[in-house]
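A.B. asks: The following block contains the structure, expressed as structure tokens.
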């Protein structure tokens, strides 16, 4: 039986490939407005603090490659071909769709490397992909909208949290707080009934219950530099408040809204949150990110096949 050929569009935020890319990358995020010199320097300093340009670009490539390979191994009806489409740097989402079209792909499935749906992120990625496909004609894209509740994905984090708690000294384990977080978005998304905040709360509940952790809280991180109010509480403020209320000896951070080691995790968690835990005299823990680990790739493959009714 011959296999059907299908495009696998893997979308992500994107990251600079080298230091010279930082300004144009930041300008794209700011919708064509160049950043002020001090804003640009601040971003460069953050990258410098994590040891240079974030590994995200390489990790995204590995995730897409491994997902293609795994999908082609676990079923025999479809041959998937992966294409990477990024929001803020090349290859842009439109570039990936054009590449699929050029390769004669007529059907594709898309997945965003962000587990929770929001109008601000996932919906805009899928919209860009579908608009480009319609413009070119002859290409239909089926889009995954969210996958935070995929049992295999939840299990990935449950296992990491259990390992982290098992590694703690007993006195810390009995006095630890789990903080589950995602990228903050402007508060106005709530006016449109955006499910994003509820999905993060559901994620936190699934992970905490699965790991047998009763002391947990939900926080937001990495908010943008705009005058609008953003979803809170911020993880750093939350850490201080929880410490003042209960005097926790250890904080465990699970940035479940992210799937890879990049600036938001390596700087906003591993540096900024650790500054807070050091200041209050508590221990800092942050389990390993999914990156391209086999159990995470298997979770994504399961999500894709379920979306296609297989």
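From the backbone N, Cα and C atoms, a Cβ is placed for every residue, glycine too.
What Swiss-Prot records for 13, 30, 46, 47, 54, 125 is Fe-coproporphyrin III binding site. Here Swiss-Prot flags 13, 31, 32, 33, 183, 188 as N-methylmesoporphyrin binding site. Summarising the annotation, Swiss-Prot assigns Mg(2+) binding site to 20, 46, 268, 272. According to Swiss-Prot, the feature Fe(2+) binding site maps to 183, 264, an assignment based on sequence analysis.
I'm curious about the neighbourhood of these features; can you describe it?
C.D. replies: Following the DSSP three-state reduction, the secondary structure of residue 46 (Fe-coproporphyrin III binding site) is helix.
Neighbours of residue 32 (N-methylmesoporphyrin binding site), defined as other CB atoms within 10 A of its CB across all chains, total 7. In the three-state DSSP scheme, residue 32 (N-methylmesoporphyrin binding site) falls into the coil class.
Sequence-distant contacts of residue 183 (N-methylmesoporphyrin binding site), defined as residues of its own chain at least six apart whose C-beta falls under 8 angstroms from its C-beta, comprise 121, 220, 221, 222, 257, 258, 264.
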A.B. asks: If you measure from the Cα of residue 272 (Mg(2+) binding site), which of the binding-site residues 31, 47, 125, 188 is the nearest?
C.D. replies: 47
A.B. asks: Which whole-number value in Å describes the distance between the Cα atoms of residue 33 (N-methylmesoporphyrin binding site) and residue 46 (Fe-coproporphyrin III binding site)?
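C.D. replies: Rounded to the nearest whole number, the Cα-Cα distance is 20 Å.
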A.B. asks: Would you find the one among the binding-site residues 46, 188 whose Cβ has the most company, meaning other Cβ atoms within 10 Å?
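C.D. replies: Answer returned by the neighbour count: 46.
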A.B. asks: Out of 13, 47, 125, which of these binding-site residues shows the lowest number of other CB atoms within 10 Å of its CB?
C.D. replies: 47
A.B. asks: Could you state the whole-number distance in Å separating the C-alpha atoms of residue 30 (Fe-coproporphyrin III binding site) and residue 20 (Mg(2+) binding site)?
C.D. replies: 17
